[in-house]
């Protein structure tokens, strides 16, 4: 049997918005190995830093892999569409210019609501008056607000950063009403943004001067993991990392990593970049050892310290805690955005999601995820905000399930899974008359009668962008695969075989959360072609794998819009809407 699995190497642009600004970040795809068994599975095994091995059942439930970015989106206008009162208004506003400010740098960031024209080249009033009247009417104002208005926050705008709405784009806004609570209300609020290009020489500013808002980083959809670039240290060094909702530590590969080819090892560390702490004037080594092991066999060990992390010019975290890895078999670092309980050191520290609030980049330790469709070039993670244009129906909030009375994993109850098969084209290999799966187990031909489905009994399930595939218990996976015929385990692929036609367009799985939210995922996300049988027929395996922990990875997450609130301990989900629109509202 010959197994073949090819993944394309793609590149795209990542976005960032902090406070009132938007920044574009370049990102690049990773190339995976062959077969489902070789996809990264970076579930931490235990904490080896302090010699204490926590039980796998207590200290696991995630796999690592997603990402971050860096770069700048330059723009000279505000562009967008605002919906309200049953209709929408498209707007594009060129920023006023002045002889006092020439060149491409645009207006500088400021915390002053009244912008100084001598410094920025235009005033706030100039900017507000440039926006069409229809926009202000939509949000309930008769005219543009001015710097002398001291009333409501219906339009508290500050021309302090970059914004845009065309793909790939992002925007930051201030809501006309209090931002959505952790329950992630689906009602939209008014929005606006300003446009500029940050200076190339921007340095991290103090937290007192930072504007609280929402920012997002666009992520490349590789179907294996997501990568982007961070700027680390002073002067900044660009290093690519993976972003993961299921882990909590940030670590970079050191230039001195013994496994790098340049140091006599076998790993091409230049591919994604390394961090040379000796070249950073702001690096501080706190003399704490760091070590972690993953289920895919990778290990990482090094030293914890602090330095400045820049998501885009002018938008940074000062003295961010992270590890510099001197010995690892991985070719790329990790950016975890989970609970501090998952940190691989005994003395817990303020990881980046919490540092973002601490340094006033966001008002709440919360972020939302939109990975877009399987074939999309990019998705994004939005820190401190919700993009109401990216889902359909209502966001439903679910309490995060604790582990041993602690908030450790970003997991919610999964009640059941059912299948809808509407396309039997090229169905083969089953006895005559048996192409249709078992009665009582699936939805037939698009009808809404489940007649059962697979009961998962509210299994606590991790929502993890760091996992390529998904995992359920062996019995649960076999029950789902059994919907499509005989259950056969493929030892080489470490997965269950499934008829390839199951992945035809129009077929889907429906995931039921507490009988309150139902997420439809195309079966094509779970049907993986890995080669051929001896007969020459195509061989496919199922992308929900047997495991000791329940995880919904990238092949599920592409179909859901998810808001992770690590303060109120809830995750809100809705069916993802694939479009180019944005309606960003900060979470307050």
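Even glycines carry a Cβ here, placed using N, Cα and C.
Residues annotated as region 'Disordered' in Swiss-Prot: 83-126 (among others).
Annotated compositional bias 'Low complexity' per Swiss-Prot: 94-109 (among others), in sequence order.
The region 'Disordered' annotation in Swiss-Prot covers 145-209 (among others).
Here Swiss-Prot flags 150 (among others) as N-linked glycosylation site, drawing on sequence analysis.
The feature compositional bias 'Polar residues' is assigned by Swiss-Prot to 160-175.
Residues or ranges marked as compositional bias 'Low complexity' in Swiss-Prot: 181-208 (among others).
The domain 'Peptidase A1' feature in Swiss-Prot is assigned to 226-574.
Here Swiss-Prot flags 244 (among others) as active site.
Summarising the annotation, Swiss-Prot assigns disulfide bond to 260-269 (among others) and lists similarity to another entry as the type of evidence. If you draw a 10 Å sphere around the CB of residue 260 (disulfide bond), it holds 20 other CB atoms from the protein chains shown.
Taken from Swiss-Prot, the feature N-linked glycosylation site applies to 286 (among others), supported by sequence analysis. Using a 10 Å Cβ-Cβ cutoff, residue 286 (N-linked glycosylation site) registers 11 neighbours.
Per Swiss-Prot, N-linked glycosylation site is recorded for 308 (among others). Residue 308 (N-linked glycosylation site) has a Cβ environment of 19 other Cβ atoms inside 10 Å. The DSSP secondary structure for residue 308 (N-linked glycosylation site) is strand.
Annotation for residue 327 (N-linked glycosylation site): spatial neighbours 257, 258, 259, 299, 300, 301, 302, criterion Cβ-Cβ under 8 Å with sequence separation of six or more. Residue 327 (N-linked glycosylation site) falls within a strand segment according to DSSP. The N-linked glycosylation site annotation in Swiss-Prot covers 327 (among others) and is backed by sequence analysis.
Among the features that Swiss-Prot reports, N-linked glycosylation site is placed at 423 (among others). The secondary structure of residue 423 (N-linked glycosylation site), as reduced to three states from DSSP, is coil rather than helix or strand.
Summarising the annotation, Swiss-Prot assigns N-linked glycosylation site to 445 (among others) and lists sequence analysis as the type of evidence.
Under the three-state DSSP scheme, residue 464 (active site) falls in the coil class. The active site annotation in Swiss-Prot covers 464 (among others).
Under the three-state DSSP scheme, residue 486 (N-linked glycosylation site) falls in the coil class. Marked as N-linked glycosylation site by Swiss-Prot on the basis of sequence analysis: 486 (among others).
On a Cα basis, residue 464 (active site) lies 27 Å away from residue 308 (N-linked glycosylation site). Just so you know, of the disulfide-bonded residues 269, 500, 540, the Cβ with the fewest other Cβ atoms around it within 10 Å is the one at 500. With the fewest other Cβ atoms inside 10 Å of its Cβ, the least crowded of the glycosylation sites 423, 486 in this structure is 486. The most densely surrounded of the active-site residues 244, 464, judged by C-beta neighbours within 10 angstroms, is 464. Taking residue 464 (active site) as the reference point, none of the recorded positions 260, 269, 423, 486, 500 has a C-alpha atom within 10 Å of its C-alpha.
Residue 244 (active site) falls within a strand segment according to DSSP.
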